[in-house]
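Student: Got a structure for you, questions after.
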Amino acid sequence: MTAKANLVVIGTGGTIAGQGKASVNTSSYLCSVLGIDEILGTIPEAAKLANLRAEQLLQTGSENFNNAHLLAIGRRVAELLARDDVDGVVVTHGTDTIEETAYFLHLTLKSAKPVVVVGSMRPPSAMSSDAALNLYDALAVAAHASSRGLGTLVVANNEIHTARDVVKGNSFKLDAFCSPYGALGVVIEGVPRYYRRPARAHTLDTPWSIDALDTLPKVDIVYAYGALDADTLDAITANARGLIYAGTGNGNVAGHLINPLRVAARRGVHVVRASRTGSGVVLHNGAQPDDEFGWLTVDDQAPQKARLLLTLALTQTSDREALQAAFERY
Ligand code: DGL
């Protein structure tokens, strides 16, 4: 029999740490009130999966997370992964921005040990809450040798997603998390079953290490809509080093915004065409002559993921070809 894995569970808040007045409160409740020890106390079965140690790093909704929160979580996870007596880390997290924290870890941690980020759509106090099972599944995934080398994973609703692809695609349903090409696998009764692996480079195969990151450059996102005007674009890009332009459809740019975005690019703002549709590829030099205009494209990255990738890429280069290459590689 192999020894049980040693896991550290880091609490950061969210619905998984929430509490409602009554069991019918599946959507109205207080977030980030239960401590990580209390949450783990609801699943004594987890002790059979792994030796567990818990620590409370943050206690706030993930809608509040900024770059400093990402750096703090990344540093702590990296410290733990570096220890010989830690085999994997689970981070409990609000679901709103779970995909962003997970992707940031996926790109900046330098370890093959499993890291799983997990949340829930209903608080532990709600009828048919997904909190206990999601956490149990996350621990099962982090404890299992087959999860090594896959980068950071997000576990929800019995599914195991790669941090690169997963997005929260619904505001209240239990199956809120989807990956455009499907989950990597599933978890059934405490055992992960994988059917695919991440194709794009991550963790050990990226040039970014959390240990070397101090401050992060400012990259913003603008969501395209019919009445978006040049003044708004100029205000958004005034202090930014990069702008993810979440255009309509295939990253289309309205005629009256082409020149303002070209001017922004000439001022040194890295303008990246993305799509507000939620999935699909934005083809480079497809809907717009990106190279002629000095723009970049995201490949298939969601705007919130593209922001993180550009942010990290800009810590090492301002070369447009190198930045574009990052979107094709990660
Ligand atoms: N406050 C939201 C967050 O922490 C709650 C959403 C959730 O955790 O499901 O992201």
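Each Cβ is built from the backbone N, Cα and C atoms, and glycine gets one as well.
Feature list, courtesy of TrEMBL:
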type	residues	note
DOMAIN	7-198	domain 'L-asparaginase N-terminal'
ACT_SITE	T15	active site
ACT_SITE	T15	active site, O-isoaspartyl threonine intermediate
BINDING	S62, T95, D96	substrate binding site
ACT_SITE	T95	active site
DOMAIN	218-327	domain 'Asparaginase/glutaminase C-terminal'
Student: What average pLDDT is reported by the model for the domain 'L-asparaginase N-terminal' (7-198)?
Tutor: 98
Student: Around T15 (active site), how many other C-beta atoms are within 10 angstroms of its C-beta?
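Tutor: Summing over all protein chains shown, T15 (active site) has 30 other Cβ atoms within 10 Å.
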Student: By CA distance, which of the binding-site residues (S62, T95, D96) lies nearest to T15 (active site)?
Tutor: T95
Student: If I restrict to non-local contacts, at least six residues apart, and a C-beta distance under 8 angstroms, what lies near T95 (substrate binding site) in its own chain?
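Tutor: Result: G14, T15, S62, G119, S120, M121, A156, K168, A176, F177.
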Student: Report the residues of the chain - excluding S62, T95, D96 - with C-beta within 8 Å of the mean position of the site's C-beta atoms, for the recorded substrate site, in sequence order.
Tutor: G14, T15, G61, E63, H93, G94, T97, I98, G119, K168
Student: Restricting to the same chain and to sequence separations of six or more, state which residues have a Cβ under 8 Å from that of D96 (substrate binding site).
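Tutor: Correct list: G14, G61, S62, E63, K168.
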Student: If you pair up every Cα among S62, T95, D96, the residues annotated as binding substrate, what's the maximum separation in angstrom, rounded to an integer?
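Tutor: Max Cα-Cα spread across the substrate binders: 7 Å.
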